[in-house]
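Novice: Just passing along the structure, written as C-alpha cells.
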Amino acid sequence: MDVVRLGRGPEAPWKSMSAEELENQYSPSRWVIRLGAEEALRTYSQIGIEATRRARATGRSLLHVPYGDAKGETLDIYLPHEAPEAFPVFVFVHGGYWQCGSKDESAFMVEPLIAQGVAVVTVAYDIAPRGNLDQMVDQVTRSTAFVQKRYPSNEGIYLCGHSAGAQLAAMMLLADWTKLGVTPNLKGFFLVSGVYDLEPILYTSQNAPLHLTLEDAQRNSPQLLMALTQPADPTCHVLVIVGQHDSPEFQRQSREFYQVLPTLCRGGWKASFEELRNVDHFEIIENLTQKDDVLTQIILKTIFR
C-alpha cells in the first residue's frame, strides 16, 4: 500500500495537557450534559438493545451470519420488507473504545432505513483483550468484502462507524481489496464522532486492555496514513460528523481528519464535515432510531442523492 504520512507537529494540543485533562478529553461520557456519565452509558446501551430487539422481531433478518472462521466473526443482516434484487446496503461498525459494545445492541438505525428500502448490516469484531487493533481492522475489511460478495448487485455500500468504529471504518479508505479478490462498491462513509490519531490514547486508561504501542497506534491512525489512490468509484462521499457536545479533542480530531481529505483525495472523493447541534457522543447515534432525525436524513439523502 502506497501511503503518505502526515506528522501532527509538536503543537498537537493534547501534548501539553496534564494526564488528568487528557483522560477527561478522551472520556466521552464525562461531556454529556443531559445525564450523569454512568447513566449516559446505561441509557445508550438500553436504547441499542431495545432497537435491536425490535429490528429482529419485525424485520427480515439474518442473524449471526459468519464472514470468517473465528467465533466472533459474524454479522447481522436486516433486509427491507419488500427487497428488490438490488438495494443499497448500510454497514454499521459499533464503537466502545475497541473494548466493549456489540452488534447485538447496535441496530439503532434499522427501522428507519429498511422502511426506505435500505438493507442494514451490523458487524461484530473481536474486541480487546481478545482481539488487537490489527485484527479488528482486518475483520472489518473482510466483513465489508463479504457483504459485496453476498450482494454483488448492491446499489452501493455505505459504511458507518461510531467512535472507535469510525476509526475502523476510516481504515477501509486504506484497504487493499486485491488480497480479498473483490472491490466493494463503496459509495459513502459516515464517520461519526471518531478518533483518527490514536497516539493520545496511549496515555489514557483506555489503553490498559488494548496494549497499544506507539507503532501500533501509528499503523492504525487514518489521520497519519492516507492512500494515494482514488477509490474505485470517484463518486464516493466521505462525511465526517461530530456532535456539538463531543469533547474538544473529539471535535479537533474530526476537523483535522476532514481537513486532510480534500488534499489527499486528488479530487476523487467528495468530503464534507458536519457538526450536529444539541447532541452528545451518544445521542448522535441514539437518535438514529428516529426517521426525522438530522443524521438519519443526512444518511438517506446521501444514499438517494
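Cβ coordinates are placed from backbone N, Cα and C, and glycine is handled just like the others.
When I checked TrEMBL for this same protein, it listed these features:
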- 75-175: domain 'BD-FAE-like' (DOMAIN)
- 94-98: motif 'HGGXW' (MOTIF)
- Ser163: active site, nucleophile (ACT_SITE)
- Asp246: active site (ACT_SITE)
- His281: active site (ACT_SITE)
Novice: Whole-number Å only: compute the distance from the Cα of the residue listed as 'active site, nucleophile' to the Cα of His281 (active site).
Specialist: 8
Novice: Mean pLDDT for the domain 'BD-FAE-like' (75-175), rounded to an integer?
Specialist: 96
Novice: How many helix, strand and coil residues does the motif 'HGGXW' (94-98) contain under DSSP?
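Specialist: With helix first, then strand, then coil, the motif 'HGGXW' (94-98) has 0 helix, 0 strand, 5 coil.
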Novice: Other than its own, how many Cβ atoms are within 10 Å of the Cβ belonging to Asp246 (active site)?
Specialist: 27
Novice: Taking DSSP states H, G and I as helix and E and B as strand, how many residues of the domain 'BD-FAE-like' (75-175) are helix, strand and coil?
Specialist: 37 helix, 21 strand, 43 coil
Novice: Once the chains shown are all counted, how many other Cβ atoms turn up within 10 Å of the Cβ of Ser163 (active site, nucleophile)?
Specialist: 25
Novice: Among all protein chains shown, how many Cβ atoms are found within 10 Å of the Cβ of His281 (active site), not counting that one?
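Specialist: Result for His281 (active site): 25 neighbouring Cβ atoms inside 10 Å.
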